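Below is one structure, written out as structure tokens; comments come after it.
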């Protein structure tokens, strides 16, 4: 039995469909039902849609090239993100402006950023303007996100990769700048560098194969960044 898929469509449906709204391109133009439920964090309906839909719809992009995972990250819907990732959502799929789900989450939702990092998000990915997740975290003064990025092997720079300019909001944040720069002077351990290299070699699409390796469980957990954790509780 179907259900009314959204307030924008009153047709009972059991399979996700693309909605071509007859309006000028807005943020939700060409959303699928999966986009809609992921952005709302409606996990129950999202589960039904994902079970009944083609695999291609998990990563279907809207008018601006944003996937359901991007919108779930942007809205801080961690449980919906976990569900999408279990169904094979691409963690590094970029929108028309070059932004990834990690770009979308890093400034406000460190718990969502951590989830993406553990699933292989590229912590050094630049958008079309040379903006990295580190730059955005610095813009928002999000210390927890900066710490996670550093631990995950991000380049320790808060400047725009194309212009070389720091965020204007950092002009008076001398303590934050000092802390970031102190991190750049601390060498990473060989153990940690080896982990980063193994993850980079596998790529996010093959990270799940770590579970099948004939390794001790503690080593598997280390490779999967399970030791990374938020130091501050999420409100």
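Start at 1 and count along the chain as shown; that gives each residue its number.
The backbone N, Cα and C atoms fix where each Cβ goes, and this holds for glycine too.
Just so you know, TrEMBL annotations are computer predictions that nobody has curated.
Listed in TrEMBL for this protein:
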{"type": "REPEAT", "residues": "64-96", "note": "repeat 'ANK'"}
{"type": "REPEAT", "residues": "129-161", "note": "repeat 'ANK'"}
{"type": "DOMAIN", "residues": "185-229", "note": "domain 'SOCS box'"}
Non-local residues, at least 6 beyond the ends, that sit with Cβ under 8 Å of the repeat 'ANK' (64-96): 25, 27, 29, 32, 34-35, 37-43, 46-47, 50, 55, 58, 102, 104-105, 108-109, 111-112, 115-116, 119-122, 125, 127, 204
Secondary structure composition of the repeat 'ANK' (64-96) [DSSP: H/G/I, E/B, coil]: 16 helix, 0 strand, 17 coil
Composition by DSSP (helix, strand, coil) of residues within the repeat 'ANK' (129-161): 17 helix, 0 strand, 16 coil
Helix, strand and coil totals (DSSP H, G, I; E, B; other) for the domain 'SOCS box' (185-229): 29 helix, 0 strand, 16 coil
